[in-house]
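Take a look at the structure set out below.
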Amino acid sequence: MTVLTDFLATHQLLTILIVLASGALLGQIKFGPLRFGAAGALFMGLVVGALDPRFGQNLGMIKGLGVVLFCYTVGLAAGSTFLSDLKRQWGLMLAGVVGLAVMAAAGLGLGRLFGLTPAHVAGLYAGVLTSPAIDAASMATHGAADTLVGYALSYPVGVVVGLIMVAIIAKRCWPASKDNTSMAEAGLTAVSTVVDRETSIRQTPGFNDDQVRMSYLLRDGEMRLATPDDDLHVGDQVLVVGNPDDVNRAVEHLGHVSERTLTNERNELDFRRFVVSNPALVGRTLGSIDVRGRTSGKVTRVRRGDLDMLARSDIVLQPGDRVLCVVPAHRLSDAADLFGDSEARVSQVDALSLGLGAALGLLLGALMVALPRGLQFELGTAAGPLVMGMILGSIHRTGPLRWQLPHATNAILRQLGLMIFLACVGLASGPAFLSQAVSGTGLAVIAVSAVTLVLGGAIVIAAAWCMKLSAQRATGAFAGFVGQPAILSYANSLVNDERIESAYGALFALGTVVKILLVQVIVLV
């Protein structure tokens with residue numbers, strides 16, 4: 001055994017990869033309704049790290065790379081919808097601040113009851129909320145061992161309790177009249193419709209505000225592309241595309257559902273999915289691209305990952321998007337030339353924008369701000385890249401630089417970064433977890449961590465319910481409140497809903513700022 005541990009201690013990269021592989025295997029095993037997913041790397045890291053303290057030494061740079069990759073890519077994904085959702089989420093953000101303050105107060109009170117030191121409480125607060133506030137806590141306590149013990153014991157508690165709470169609420173359905181409908185949940189449908197009245201396309205409910213699109217128009221036996229300026233006459237047939245509720249309203253206005261399926265007739269008009277790989281289109285809205293002038297066609301849908309969206313004029317194209325374009329049959333090649341339609345091209349990572357964006361995030365995170373009473377504040381290697389990613393994700397491009405990554409590339413980098421980070425945390429925390437987990441102090445830390453997290457999380461979830469926001473947005477808000485990447489990953493594996501990442505991004509950045517401040521207050525009280 002000594003020979004093996006000596007070998008692994010001198011080959012840390014091999015050790016990390018073993019933890020990643022075994023953690024991925026553990027993450028696929030179901031424990032009732034719960035599956036650890038990426039968090040399996042954390043628990044395997046704890047097991048392996050407990051074998052020899054040397055496994056967890058000098059992992060700061062590798063761990064930092066993992067957290068930067070994860071947080072920056074999450075920021076890019078959340079940034080595209082964050083600004084539009086800000087008005088809807090300000091209440092959740094306020095609830096998150098209240099929840100963090102209540103957790104700090106409860107931690108101090110329960111800590112004194114169980115005989116824990118302020119250093120213990122500062123460590124467990126940073127650990128159960130899985131935040132970079134541990135750096136601030138260590139500085140405030142001058143590197144006290146109690147701080148690191150509290151962090152090591154409470155970190156896994158934050159993961160387990162967080163996963164359980166997400167499993168409980170992620171698939172719930174409660175009244176959410178103040179939330180927008182999930183694009184993934186609503187889905188899209190296309191209905192061939194017979195026109196029973198004299199009207200026009202612009203008069204159709206939902207057309208002017210981009211809730212429905214029309215493509216095929218059959219008149220007097222001739223098929224052509226419908227345009228916004230077309231008048232519709234009795235006997236015409238049109239294809240209406242949108243989510244089911246909007247399509248039903250449009251069909252009721254126009255006439256009735258046709259027995260004929262217009263999309264089956266592809267002699268004059270045809271349709272195909274094209275991959276967006278043309279750099280000139282990335283970061284631009286659909287409305288700013290002259291699709292009709294260059295192809296005599298029209299885009300009706302945009303598929304991003306597993307999400308199929310109606311082609312609204314304000315949708316910003318990202319590399320790897322798959323647009324469904326209806327064009328005259330002889331102009332399919334023109335549409336392919338316009339969008340690029342190259343899988344190989346979008347599979348390449350734009351190292352310039354990725355490296356520059358992440359570097360800007362690290363610079364932002366390194367800015368130190370001095371506060372009264374000797375307090376210091378910096379975003380750190382997690383919140384800095386996240387905030388920068390959200391900023392760059394919202395502006396999409398700067399001159400020739402395209403900040404967004406293809407959806408598949410973003411997902412791969414995010415998952416890789418997350419598992420590297422969790423594996424390193426597990427390896428570094430293993431010895432302390434093994435030595436203290438079953439002691440009186442260790443059990444007290446675990447109990448206080450679990451109780452305070454449930455209390456703080458309940459405040460955020462209750463706030464979402466009171467504000468009539470969806471359970472899925474509440475799930476993302478809770479994951480961002482905790483700040484645990486594995487919880488976000490688990491939530492996304494349960495529900496395909498873009499509101500989860502939007503809420504996560506909103507609370508993660510703000511929560512990190514508040515945690516860094518409160519953890520220093522805990523030490524001073």
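Numbering starts at 1 and runs along the chain as it is shown here.
Each residue, glycine too, has its Cβ placed from N, Cα and C.
The domain 'RCK C-terminal 1' annotation in Swiss-Prot covers 178-257.
What Swiss-Prot lists as domain 'RCK C-terminal 2' is 259-341.
Annotation comment: Swiss-Prot describes 7-29 (among others) as transmembrane segment.
Positions annotated as transmembrane segment by Swiss-Prot, on the basis of sequence analysis: 34-51 (among others). Through the fold, the transmembrane segment (34-51) approaches residues 5, 15, 18-20, 22-28, 155-156, 159, 163-164, 167, 415, 418-419, 422-431, 433-434, 485-486, 489-490, 493 of its own chain, all at least 6 residues removed from its boundaries and within a Cβ separation under 8 Å.
Proximity of distant same-chain residues to the transmembrane segment (64-82), defined by a Cβ-Cβ separation under 8 Å and at least 6 residues beyond the stretch ends, is recorded for 132, 316, 318, 354, 357-358, 361-362, 381-394, 396, 403-405, 410, 413-414, 416-424, 485, 488, 498, 501-502, 504-506, 508. Positions annotated as transmembrane segment by Swiss-Prot: 64-82 (among others).
Positions annotated as transmembrane segment by Swiss-Prot: 92-114 (among others).
Residues annotated as transmembrane segment in Swiss-Prot, with sequence analysis given as evidence: 121-143 (among others).
The feature transmembrane segment is assigned by Swiss-Prot to 148-170 (among others).
According to Swiss-Prot, the feature transmembrane segment maps to 351-370 (among others).
The transmembrane segment annotation in Swiss-Prot covers 374-396 (among others) and rests on sequence analysis. Remote same-chain residues near the transmembrane segment (374-396) are listed as 64, 67-68, 71-80, 82-83, 131-132, 135-136, 139, 282-284, 316, 318, 357-358, 360-368, 402-404, 483, 505, 508-509, 512-513, 516-517, 520-521 (criterion: CB distance under 8 Å, separation of at least six residues from the stretch ends).
Per Swiss-Prot, transmembrane segment is recorded for 416-438 (among others), and the stated evidence type is sequence analysis. For the transmembrane segment (416-438), same-chain residues at least 6 beyond its ends with a Cβ under 8 Å from one of its own Cβ atoms are 15-16, 19-20, 23-24, 38-39, 41-51, 53, 55-57, 59, 62-63, 65-71, 73, 148-149, 151-153, 155-156, 445-446, 485-486, 489.
Per Swiss-Prot, transmembrane segment is recorded for 443-465 (among others), and the stated evidence type is sequence analysis.
Per Swiss-Prot, the feature transmembrane segment maps to 502-524 (among others); the stated evidence is sequence analysis.
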For the domain 'RCK C-terminal 1' (178-257), how many residues does DSSP put in helix, in strand and in coil?
15 helix, 32 strand, 33 coil
